[in-house]
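Q: Okay, handing you the structure first.
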Amino acid sequence: MNPEVYEAAATGDINFLSRKDPKFDFFQVTEQQHNTILHTAVKFKQLEFCKQILFSNSSSFSSSSSSSLLLNYSSFSSLLLKSNSKGETPFHVAAKIGCSEIAQLFVDCVKLKQLRGDIVESWGVSSLEQVLRMVNLEKDTALHVAVRNSHFAVAKCLVEADPGLLDIDIKTALRSAIIHSQHEIVKLILKRKSESKGETDEIGWTPLHYTALYGDLKTTQLLLQGNSKAAFILDQDGTSALHVAAFRGHINVVELLVQSCPDLYEVTDNKGRTLLHVAVISGQEKMVRQILGMPRLVGIINEKDKDGNTALHLAVIYKRDRIIAILAQNRGMERAAMNNDMFTAYDIFSHQPRKLSFLVAKIHYRLRGTHGLPALQDWVNTNLKKEMIGESTPDQKDRNLLFTGRKEDEMNNNSATFDEIEKTRSRLEIHLLIAMLIATVTFQAAFTMPGGYKDDGTPQFMQKSAFKSFIIFNSIAFIFSIATVFIQFATSKFSYYLRSRYSRLAEVMIFIAVVGMLLAFASGMYVELASYIGLSLVAYILVACFLLIYYACWFVDPISMHIPGLQQPRKYLRDLLFHYGII
């Protein structure tokens, strides 16, 4: 195509058409896309330029009034049927860019040509319908293109001109309208062919599956009007629209489907899974809460799939920890339910590698004691039978532990692997490093007193209570850190097992040293800033907050360190907080 011709079409230069220069061939096409001058004008939404091409006399190219349009066709009007390299007519391009004015212009042009009676002779087609139903290389009509690109105005124009367009691959048209939320197009299609709501595509999905996928509540309502049987149609995997909505977490669509079809919630897929199962698998926490809160869905809470797994089992298998906590807290959930392998959810949970966290501890607390048959058999074989037949006595166990530092089962099974030894060694090294750092800092602080010294060499604030607190806390931190270092040194010649036994003691002593160092720091700050009461208390407040948060977490953590005398208060508080879902 001549560059000047292309530029005129792109910019809408009507005067360019009046030139009679023979070097300008208006039937030329572009090199790559094979677009005609009309394709180009439509692409740039040049409405007046399109009018001039279609309705002006080729000899004069002067503007025509509406009364003379019928008699004043341009010889270029045949460009309306020309296709580019993608098989697209100007109708397709107008539908793609969403210009309803140009689409209506083309429809009027074809209607007038048909009325004039020479449409077959001039264009080789017999009717407007034949023009509008031309397809591109992807087998799409202009209507399909308009719907796919969410151009409702163009789609409406085409359907009004030829309602039969809806019958051409109506499944594709309906699904395209659903995907792009074209509610008016959906209405037109359902009005013309209501049974299309139950038709399935290549993967067995109905239009309702797609509305569930995208969470389109309005279109779902349209599809359920009059006849809701389509909601019970399953795809090749036995998946219903309700399963899809639950998997995607569209609560409003799930509620609508359950209200419209009260028994739909009982439908299971080919694996025997309900909507609760699939919501758990996809990790839809809000959806799970909603299902548990719907009274009519109580019956599926403990429903098992074909593998015998309840929703709680699947939550554990897929490691949906927050959902596990929600399900385990529900009073209707059977936490001791076993699957086909006779495992409870707790059996699976306890054998999974997990990072220790408060949520994991909470789940452990809620599921504890619900063992299945394999776990019970394992306990009987390894513990009960030995004691019943007298294979191992308490005295023998004590002697093994005393002389070797190892229990009998550890000696027989070699339970301490190389990885465990390395982890313990690393932990002991960290203890030693922290203890040395604390000892160094507190030793230095002991000879760098807050406030300095008097002329006689005594501390400046010797008589103040805060200074005395500094001395006491600093001494505690130093002594306990040195004690930790001594323990590590004293046990270094012993076996791995005996050293690991003292690691907990080292942790406790390091914690006391850290607390002592914090309080010593706060006391020292108070001494230095005694004249500024607000600033002097900041360090104390921060230390107090740290200790309060730490002890609060320890107090409610189900698997934290055991301290005699505090177990009953801790158990009472945990039961209160976990049972009522406060944490």
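Glycine too: its Cβ is placed from the backbone N, Cα and C atoms.
Pulled these from TrEMBL:
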- 423-527: domain 'PGG' (DOMAIN)
- 237-269: repeat 'ANK' (REPEAT)
- 430-447: transmembrane segment (TRANSMEM)
- 467-487: transmembrane segment (TRANSMEM)
- 508-527: transmembrane segment (TRANSMEM)
- 533-556: transmembrane segment (TRANSMEM)
Q: Which one of these stretches, 430-447, 467-487, 508-527, has the most C-beta pairs shorter than 8 Å to the transmembrane segment (533-556)?
A: 508-527
Q: As a quick check of your reading of DSSP, tell me how many residues in the repeat 'ANK' (237-269) are helical, how many are strand and how many are coil.
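A: DSSP classes over the repeat 'ANK' (237-269) add up to 21 helix, 0 strand, 12 coil.
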Q: Could you put numbers on the helix, strand and coil content of the domain 'PGG' (423-527), residue by residue per DSSP?
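A: Here the numbers are 81 helix, 2 strand, 22 coil.
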